[in-house]
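Visitor: One structure follows; several queries about it will come next.
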Amino acid sequence: MSNEPKSKRGGSSENRGGGNVWLVLLAVTGAVVLSAFLFSDNRRRLAYPHLKELLAMSAERQEMLEAQRSASESGDAAANVDGESRPESSVISRSSSALISGDPANDIPVPKIVVPSSTKEDVWHEFSRLDNIFVADDRITGKVHFKSFVKNHPSEKEPAEEVTFLTIRGYPNDLIAAELEDLLVQSGVKWDNDRPSRFLENHWPELLMIGVLVALGIVMLKRMGGVGSPMSFSRSRGKLYSEDDLPTTFEDVAGIEEAVDEVREVVDFLKNSEKYQSLGGRIPKGVLLVGPPGTGKTLLAKAIAGEAGVPFFSLSGSDFVEMFVGVGAARVRDMFTQAVNRAPCIIFIDELDALGKSRSGSVVGGHDEREQTLNALLVEMDGFDSNSGVIVVAATNRPETLDPALLRPGRFDRHVLVDRPDVAGREEILAVHVKNVKLDETVELKGIASITSGFVGADLANLVNEAALLAARNGKPAVAMEEFNEAVERVTAGLEKKNRVMNEDEKIRVAYHESGHALVAAALPNTDPVHKVSIIPRGLAALGYMMQRPESERFLMTKSELESQMKVMLAGTLAEEMIFQDISTGAQNDLERCTETARSMVMDYGMSRLGRINLRRNTRSPFLAGSGGGEYQIMHSDEMAKMIDKEVSRIVDDMLVHTREILEQRRDVLEAVTQRLLEVEAIDSDELMRLIQENSRGPWLVPGTVTEKPKAKIVPREETESQQSNRS
């Protein structure tokens, strides 16, 4: 088979888990560091009395500066008036001039105050000049020059540093406020009651932390498969494949020729749309592929896009419906918008039943997200231009659950059945799957196809793979017919349970049980031939099995064939009863299937004494066995139910009588087959027939049966017309 195409949206996600863990650790570490920085107060605490003392010292220093300046100005004026008559004053003036020529403030002692540190022992802070004080109602802040030193080593001081100080005022009264204001005025320090906004300066760490966390969150969403924009929930999740990514063609699709022929017109329209538009024709807007699981519906849709050479949007019906209201409808609209922009193209919706379920069960006046999404799909399919080159291909295996409005002409105009393949179809599918498998000369694909009745394409692909694995496990250079037969048994009956060892009594009982099935199946002419009998445990509960191989495809069953099947089902438990005068629980599945067959004959097929009537309606899915809770709708009264139970019991009892007669007449063959089973544990059809011929004393077929089934006499049309003319 061809390799699966690669999506353009696909990406490597092998290391996403580890990357997300490192991102989370990085985010937590950054948050801890920033939080520690934010909650740590690096402002120096300065008590209110110490602040007043510093302000008072600053006021004294300011007065000394003003006095010195006044003295300097007076000395300069006297020197200009009479510089030679006063020699002593000239000395003072020269010193004053020298003082002024420099920086007078440097010669004034700077007021200082030493206080112990509030955080470290034996450490003292030497506060000096204040600057830029802001006075608030509850606190005073500003800048202060300080040096730190150890108490026992006052000479070893740290370099001068300018930091922000904080003084808590408590609840000041008017006198204290007035006293502080006078000190501020006298100190000459710049101060204000209205500080300008410093939001960024004070809160930049918080803003930085928020920005880092938001950036990390966006990166983590992208790496975890999320999306970057807040509006991305409404974007379609369909995967876009270009024509180069779709190597699948109709040659890769085998066994469903009728379905391929139905969709060839779609490919021709995408290639030559002008031919249809010029004649006024309209291509179907939608193609619905219906069939059991594994029959190749998705593969057929890929082949359509690969043959047409157009873009291919692939998505599932569950990709639309989300927990957020309105998201599904928005995704539907976005999907069709993208498709129209890339027309001609194909939109493939797999599992359409997840989106298009019938609205008949909805609550009147209620709101359902799935119903809203379905309404959007109905509008888009019937709203966009039919000549736009956008074709919707959908697949489902539950068409009975779809809304009727979705199936009407104008939306899904064409319904294509992709059914289980027949013998010829299975042979073609096997030929496709074994292209890259080394086969032995003994392999016959036709023989494999004949023993795989009911298999779909996915089952056959798994069968070929199992056979190849078995050959590799056994060390063979090529896959032989033996591996294919073993693979069929593994798929149908399950894996061998070699560790499930039965005791000798159970093994003998199982051997008689399976021999009874095989003998009755071989004694009745209207049953499928026996392929293999085994007492090797397989699967979950099977301690042994008898495998039959149909000679041809069957679509109808007669009453005699159903009765023969019931006899084969009952033969196992009757063989146990005949040999051991006791029965076991191993016949549970046989009795269950036999009873259901008898009930179907009475209630569904009209094959009983109650008449040819139908007493129940089948509500099961035609493609999914066992789907749904109630599989049947009862259509009879309680009195009729009693009659049905009696008729079912009568039919089963009659089958028991006939089956017991068959086994009693062939007890010698039963013993021989059982003995051989205990020796080799498995016998094939050839060995079974040899044992029957060697140990059979009379005619093998059951008396009263015929080997050839009756056939209707076909009267030629000319003979019929001549008879009618003679009568007239």
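These residue numbers are counts, starting from 1, taken along the chain as shown.
Glycine is no exception: its Cβ is also placed from the backbone N, Cα and C atoms.
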Visitor: With HIS513, HIS517 listed by Swiss-Prot as Zn(2+)-binding, which of these, ASP440, ASP582, ASP590, is given for the same site?
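Guide: Site partner of HIS513, HIS517 for Zn(2+), according to Swiss-Prot: ASP590.
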Visitor: Going by Cα-Cα distance, which of the binding-site residues (GLY294, LYS297, THR298) sits nearest to ASP590 (Zn(2+) binding site)?
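Guide: Result: the closest of the binding-site residues to ASP590 (Zn(2+) binding site) is GLY294.
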Visitor: Near the ATP site, what residues other than GLY291, PRO292, PRO293, GLY294, THR295, GLY296, LYS297, THR298 in the same chain have a C-beta no further than 8 Å from the centroid of the listed C-beta atoms?
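Guide: Everything else in range on the chain: LEU289, ALA395, ASN397, VAL418, VAL456, GLY457, ALA458.
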Visitor: Once the DSSP letters are reduced so that anything not helix or strand counts as coil, what is GLU514 (active site)?
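Guide: Where GLU514 (active site) sits, the three-state DSSP reduction gives helix.
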Visitor: Taking every protein chain in this structure into account, which of the binding-site residues GLY291, PRO292, PRO293, GLY294, GLY296 has the most other Cβ atoms within 10 Å of its Cβ?
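Guide: By the 10 Å Cβ neighbour count, GLY296 comes out on top.
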Visitor: Just counting, how many other CB atoms are there within 10 A of the CB of HIS513 (Zn(2+) binding site)?
Guide: 26
Visitor: Other than HIS513, HIS517, ASP590, which residues of the chain come within 8 Å of the Zn(2+) site, judged by Cβ distance to the Cβ centroid of those residues?
Guide: GLU514, GLY516, MET546, MET569, ALA571, GLY572, THR573, ALA575, GLY586, ALA587
Visitor: I need the most crowded of these recorded positions: GLU514, ASP590. Count other C-beta atoms within 10 angstroms of each C-beta and give me the top one.
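Guide: Checking each of GLU514, ASP590, the winner is GLU514.
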